[in-house]
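These come from Swiss-Prot:
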{"type": "DOMAIN", "residues": "42-230", "note": "domain 'GH11'"}
{"type": "CARBOHYD", "residues": "99", "note": "N-linked glycosylation site"}
{"type": "ACT_SITE", "residues": "126", "note": "active site, nucleophile"}
{"type": "ACT_SITE", "residues": "217", "note": "active site, proton donor"}
């Protein structure tokens, strides 16, 4: 990642050469922000669509240096490093209570999740069935509802509220639902119906499904992930 000093020195020198009046602090800050954003866009821009018969979603706040690649079939790869948030993967649109079979070479350094990830509307819900994670268990700072046994493992169920945060409908306030596997794995089959049914029994209602992907997410961390899902 290019440092603040490198960007600021280069940009300020260019400004001074063009204008003998020294730039103000505000002008230097504006130069840095613009230069930083241009550098961040050296990664893969956010996008959604279809590829080789699968839906894909890739989102980044441009804070990290991150590259997303759609590979053949149900496979994708992500590499990332730096200060920012990113999430992407392949799957389906709309989502459903399907069995999701996946395999991954998942190598996080820091805060990251490997999960079945999706959204619903009415109510607006962002949900995660976390199969593996880096240094931070996302259920630890949420309201824990209990544990369930699914697919031969224990999952911690939790719920949290996101206030004025990015969503599939723009900046909104919405609920997050979590099932976090306590015995981490990077391949297997996830029975989404069992998770959805368990959530419903705890008062965690879903709405009409939007997309559903096997996602890699990174937050102020680094790592690499190659994931393949089955039809």
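Any Cβ shown, glycine's included, is placed from N, Cα and C.
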Given the active-site residues 126, 217, which one has the fewest other C-beta atoms within 10 angstroms of its C-beta?
126
Across all chains shown, how many C-beta atoms besides its own are within 10 angstroms of the C-beta of residue 99 (N-linked glycosylation site)?
12
